[in-house]
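Student: Structure incoming, see below.
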């Protein structure tokens, strides 16, 4: 408990010593600066001419060749699979 009171006392005394020094520097008048001998020369802002940029073009894309739609062909007749021919067409009787 004694160390706690001692630390508070040291803190309070250091605050009393340091704070007025900070206030003293705060309320001082600003340092005197003599005026410049010549007024600054007004120069118009430097403008560079615009740079010509070509219009933006997309890079070429390799597209596959366009195939023409196939010509309509009649459907191929395939022989029936897994089915016996009708008996009328059977010549082996």
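Counting begins at 1 with the first residue displayed.
For all residues, glycine too, the Cβ spot is worked out from N, Cα and C.
Fair warning: this is a prediction, and the values are worked out from it, not measured in the lab.
From Swiss-Prot, for reference:
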SIGNAL    1-24  signal peptide
REGION    30-93  region 'Disordered'
REPEAT    34-38  repeat '1'
REGION    34-83  region '10 X 5 AA tandem repeats of P-P-[HQVRT]-[HKNT]-[DEKR]'
REPEAT    39-43  repeat '2'
REPEAT    44-48  repeat '3'
COMPBIAS  46-93  compositional bias 'Basic and acidic residues'
REPEAT    49-53  repeat '4'
REPEAT    54-58  repeat '5'
REPEAT    59-63  repeat '6'
REPEAT    64-68  repeat '7'
REPEAT    69-73  repeat '8'
REPEAT    74-78  repeat '9'
REPEAT    79-83  repeat '10'
Student: Residue list, the repeat '5' (54-58) vs rest of chain: Cβ under 8 Å, 6 or more residues beyond ends.
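Tutor: Contacts of the repeat '5' (54-58) (Cβ under 8 Å, skipping residues fewer than 6 from its ends): none.
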Student: Helix, strand, coil residue numbers for the repeat '7' (64-68) per DSSP?
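Tutor: So the counts come to 0 helix, 0 strand, 5 coil.
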Student: Please work out the helix, strand and coil residue numbers for the repeat '5' (54-58) from the DSSP assignment.
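Tutor: Going through the repeat '5' (54-58) residue by residue, I get 0 helix, 0 strand, 5 coil.
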